[in-house]
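According to TrEMBL, the transmembrane segment annotation covers 14-36, 48-66, 78-99, 111-128, 140-163, 175-198, 210-229, 429-450, 462-483, 489-511. The region 'Disordered' annotation in TrEMBL covers 532-593. Annotation source TrEMBL lists compositional bias 'Basic and acidic residues' at 532-551. Under the heading compositional bias 'Polar residues', TrEMBL lists 582-593.
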Amino acid sequence: MDRLNQQMETINGLSAYAGFFSLLWTTWFLTSAYDVRFVTDSIFERCCRAVHLGVLVGFVTVSPNFNLARQDSQVFQTFSLILMVSRMCLGIEYGSIFLQAWKYKKTRWQLATMSGLNFFNGFVYLGVSFRFSPDNPRLFFSWYAVCAVELITVMFIAVTYPILSFQGTPLIRRLSLLTLIIFGEGITVACSNITQVINAQGNSAWTSGTIGTVTACVTITYLAFMLYFDSVSRLQLPPWHQLSWAILHFPLHLALTLFTEGCSQFIIFWKATEVENIIISEWNNLLLEAVEESTQDFSQPFRAWLDEYFDTVPPLYLMYRFQLNDTLDEIATLDGTSLETLRDVVRTGNISAINEATENDSRIKQAVLDWTTMSFVVMNIASAELGLDYYEDELQARGVVGEAASEALGTLDTQLDVSYRGFFRMRVVFQYTFACGGAVIGLFAILSAIGRQEKWTRWAVLRTVINLVIAVCVALVAALTQIGDLPTALFLMTPWVLPPLAILFFLLLVLHHLPEGPFSRCLSVKRWRKSKGESEKREGPEGHVEERDVESANPGAVLSEERIGDAGVSSEGTLVAKDAPTTESSARGSRSG
């Protein structure tokens, strides 16, 4: 499954992706619902498969411009026509089955309903396509309403009428196959991000933090893959279980897609953070070099470093070099008393002294401002090399173009806003990654419970509850970003975002494969009571007390756990069956006899 080229790093991009995914998944499911029940190998069906393939190609073609916040009427009209073609083709396919089964009167109206429903929905999509305009920004909600009606109708008819039932069909296998494709796509995206890091950083890309982040990302995907297919081992389920199982795969696939995408994004985020930390360290060293007595030109160390740096970056970023040249020329004018004062306060390393110097001398203040601006420009360019280019978004948000845009790039305010935009998007990715991770864990537990056909034991119930509690806790981790930007930034700028998730998924896999037998016996109330009364005391002939094991009370037989529940205790403290006559009642029976 393609990632639809959506930038899922903003709230608008995330909502657009979720909406697009919903329409794509519904179209795929409706097509698969027909395939698993009625598809045959014929020229007609192969032509219909070609139409459905064209529909998927249309989805991918429209996806780059599918933006709910900034709607393009032409794009939305085209997309509505693509949905119309899909439903019309399904209507024709159900119509062909209706004609083939004409002699079976009990199946006519069900098949006619499915064919008519798809034709009706196709005409609805056709009508909606002509209504898209800037005056109707919320018209796209009609797509989701129609899709919801389609899913509800298909499921209701499938459960109610045997002719359209999914029993005996490979529906579960088909859904599991799509899940496998999503897992594979997650690994593909991770590998793509790794390639991007290597292309940008070369041999220096592999550090301990990068290796740990990549390992954690791939491990999470693999462990989630094993959890899913270990939990979902049934190919046939009862009708209502199958219905619930199929419907729950929509939120599962959406959450799983976002979860694997988010984990892969943190490979890029961590590498960008690591590169920025290196740049800050080198920039501080350059500052110390610039304040040496032998350096007459304060800008000379920075100029030499930038010349070497821009020899390694793509020509796309050379436009920023001209802005930096102007900044370096301003720094080079610093001399005399201002330069000596700056050298003295920088050597002390006292931030308060530097701040006091900037307040007392405007030239020092401008030099420090220029130095800070250059450092942020270099860090933002390094992030852009890794695919985290937020300059265009910032300039578009400011509404500046042309010469004004070039001037804005040289200001510290613009560079700070670009950096904060990167942090904000990292925070958004962190939020939906952990929220979707919790949803994935919870849905795995629910699907495992739905597909379970063995007898429920106390351990199975407890394990399901543990999984659900862990799912809620993981999802709530996303709320930690609300405690403040500084604590969030301190955590996100470390390589320890993904490793805890990898460890958690490993523990969940171990929990899933723990044998039920020993834990069920530990949780058994009867066995707990038996262990408490394992040694039973009885009084001997000389008045001493000796211990006697419960199971040795009757040396002729050992009572099982079930028979203990049916046993009573006589006045002498021995176990007797409830329906067995006591000595006193036997005597009464003999006298009456």
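All positions are counted from 1 along the displayed chain.
Just so you know, glycine gets a Cβ as well, placed from its N, Cα and C.
In this chain, the transmembrane segment (175-198) does not touch the transmembrane segment (140-163); fewer than three CB pairs sit within less than 8 A of each other, excluding pairs fewer than 6 residues apart. Nonlocal intrachain contacts for the transmembrane segment (429-450), taken as residues 6+ away from its ends with a CB within less than 8 angstroms of a stretch CB, comprise 8-9, 14, 224, 227-228, 231-232, 237, 241, 244-245, 248, 251-252, 254-256, 258-259, 262-263, 265-266, 269, 464, 467-468, 470-478, 481, 488, 492, 497, 501, 508, 512.
Remark: the transmembrane segment (14-36) makes no contact with the transmembrane segment (210-229), by the rule of 3 or more CB pairs under 8 A.
Only sequence-distant pairs (6 or more apart) were considered; of these, fewer than three Cβ pairs between the transmembrane segment (210-229) and the transmembrane segment (462-483) are under 8 A, so the stretches are not in contact. Taking Cβ pairs closer than 8 Å, the transmembrane segment (111-128) reaches residues 30, 80-81, 83-88, 90-92, 94-95, 97-98, 101, 139, 142-143, 146, 149-150, 153-154, 157, 163-164 in its own chain, all 6 or more past its ends.
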